[in-house]
Amino acid sequence: MSDSVELYTDGACKGNPGPGGWGVLLIYKGVEKELWGGERETTNNRMELMAAIQGLMALKRECEVVLTTDSQYVMKGINEWMVNWKKRGWKTAAKEPVKNADLWQQLDEQVNRHKVTWKWVRGHIGHPGNERADQLANRGVDEVRAKR
């Protein structure tokens with residue numbers, strides 16, 4: 001696995017719930033690809049998850065991936081919570097169904113296709129990759145709003 005890819009992901013939501021968007025900046029051997037999309041009625045957490053899923057789905061073969069997000073929800077979910085959710089049949093410690101389990105399961109499936117290193121950055125402090133992903137996520141929101 002010598003293919004190394006950088007993914008910068010972000011989600012945005014105007015209202016929570018409300019119209020939302022996701023954005024991904026993919027960098028491979030210096031070449032950049034931008035991905036974005038949105039949904040009419042969603043949450044910020046769903047859009048953060050969707051960005052990571054869509055970024056990983058865009059990779060056609062197994063890769064080493066450095067995925068950078070500003071979402072503590074995604075970071076904690078993937079690195080801390082998911083192992084126990086899976087053991088409990090996608091239930092929380094309080095025996096409640098995991099919120100956004102559909103997307104967590106999709107993310108788990110995509111992560112298992114690759115060797116992913118997860119990185120967290122604070123949002124909106126000028127990190128170039130994160131700022132680009134944020135702009136793309138907002139483009140996703142704008143396109144959804146324009147279709148109304």
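Using the three backbone atoms N, Cα and C, a Cβ is placed for every residue, glycine included.
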Mg(2+) 1 binding, same site as GLU48, ASP70 - Swiss-Prot member from ASP10, ASP102: ASP10
Euclidean distance between Cα atoms of ASP134 (Mg(2+) 2 binding site) and ASP70 (Mg(2+) 1 binding site), Å: 10
Three-state composition of the region 'Disordered' (129-148), taking helix and strand from DSSP: 18 helix, 0 strand, 2 coil
Where ASP10 (Mg(2+) 1 binding site) falls in three-state DSSP terms: strand
